[in-house]
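Let me begin by presenting the structure, written as structure tokens, before commenting on it.
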Ligand SMILES: Nc1ncnc2c1ncn2[C@@H]1O[C@H](COP(=O)(O)OP(=O)(O)OP(=O)(O)O)[C@@H](O)[C@H]1O
Ligand SMILES: [Mg+2]
């Protein structure tokens, strides 16, 4: 095999490999974890986070604006403390409320942000005070059954 | 053999001591390959030739296998996902399994049987016909001239082949999912893109394939260099390359996966 | 230039060379003769440092090979050229590239000089016409001559020839013998020729050593050898089956091995 032929094929091979890598990088995947420089961190306490995971998206009006960076339990008050990294481009007022939502009936859980009306904006390290917990399906069902049973019970005594 | 250590080793039996001796030799060998590497990379045309052997000649099998694996994944995945009404996640399933696991692992297994065995046989035969000895006598270090370029050729080719495998597999999944089963192309790609993380999935997959490339190339050149200089010696070494590589790839995969994706 | 000083060597348990002493001076061509398996190839590998002597010293150009480290060995080998018993041509390179190999690897020569040198060496062994063939396309004798051209490519000071004459027709044999002699005289180095070809080697060498079972049994100049009464030497140069050199390797009695003897 001539030297130039080898050079040609090896060059083609490496180009193909790089194209494949680029395809994986640009078309197949996305850079979801935001670089540390262009993000700021806020925390929020929830009574119950349900199945929320680290790296779950934080959305506002359906647009991904950040990611959950860490989840821990506050040992004094026994509430879940969730830190999230938000994109610098998006600023939210201080009275923004955070809510744990589920995409679809069985889908992944994410944090929804609902901006308020305050002039002051959230800064790095701030805390979101208005939160509502995850809807836990089991609790929902048991509450539903319980209320049904109660209804049935009252109906019974009425008789 | 009054020394308690050697007595204990003796009781462990010859197979164990032989394995340990071989492992020690392999480490010493790796060191001499690394020491000789500046030469091999300096005269890059040598390594180029080995990339041609190990990489270019493996492209066909990698591309075809990747395409088929991706298509099968899509067919099987569709069956399962459609029951949960989640068939639009097919792209996610295909891409994640290829990028994280199947690309690096199957790519490396194919690489070991296609290129690894050839490397072992070539070095083993060169040894059996005294070509390596002849080089030594010409004051040319055969590890620098023959072994190190083959090692680096393999190490460079492996991640590229694995990326090709994954890309072809995803393309195969697209063919089946979108063209054959009629899923929506837009949601196929966009769901895939939002679920596959560049750093966590793609980069980790590449890291895996680099590790596998180092392991397979080292095993291949080592078995060839260590082969008894006979016909059976070389054929046995070739078989050992494929078997050992397969075990090491799968074992390493467990280890690396445990490191990379734990707790997520 | 090459001195063996009480050298012993064993492959594992099996002794191959025993208390061997010999010396080859500058300008000399020396033949080493001995039966198959008497340790001739082993002796050459000891000189190249590919094997290490169990005891004794091997001096090449005044330096002890047995105590050299890897780097020193490679330095020492730059003075050596070796023709391997089985040629050991690089099967993935053409004849031309085989001969050019030591020139390209060791000397920083421009390609035009390499070309001239390669063609000169191939011309010397009569195979310039085979330059573009691959080793697999050569006959045994041609492969051996290509190997010879490769061994002398860098004009090394010390040449080791492992059976340069086997497999050659009478004409190439004579030419090769002359080539070995002329090369040595031109370079003023030393050559060691391991051979079985008594007539050809006696015509070109200065001194002969006879090796049997790893030990030196006789030595002398060609004239001394021709007139020797030493039974070993007589048997060897006349090719007689009976004498001190056993044709058979040590074994149990033949009749017993074939189960002919009834108890
Ligand atoms: N790699 C080896 N391992 C063990 N024993 C060996 C090895 N190589 C050679 N021997 C033994 O060493 C002895 C000398 O071998 P050597 O090759 O030096 O013989 P030789 O004189 O070159 O014979 P020939 O003329 O047939 O080439 C032989 O008895 C052989 O069995
Ligand atoms: Mg021999």
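Keep in mind that glycine also has a Cβ here, set from the backbone N, Cα and C atoms.
As stated in TrEMBL, the feature transmembrane segment covers range B:51-74 out of the listed B:3-26, B:27-50, B:51-74. Feature transmembrane segment, per TrEMBL, maps to range B:242-261 of the set B:142-161, B:242-261. Your range for transmembrane segment, going by TrEMBL and the list B:118-138, B:202-222, is B:202-222. Sequence-distant contacts of the transmembrane segment (B:202-222) (same chain, six or more residues past either end, CB-CB distance under 8 Å): 26, 29-30, 33, 54, 99-100, 103-105, 107-108, 111-112, 115-117, 119-120, 123, 147, 150-159, 161-163, 166, 196, 241, 244-245, 248-249, 252-253, 256, 260-261.
Long-range contacts of the transmembrane segment (B:171-190) within the same chain: residues 66-71, 73-75, 77-78, 87-88, 90-91, 94-95, 98, each at least 6 residues beyond the stretch ends and with a Cβ under 8 Å from a Cβ of the stretch.
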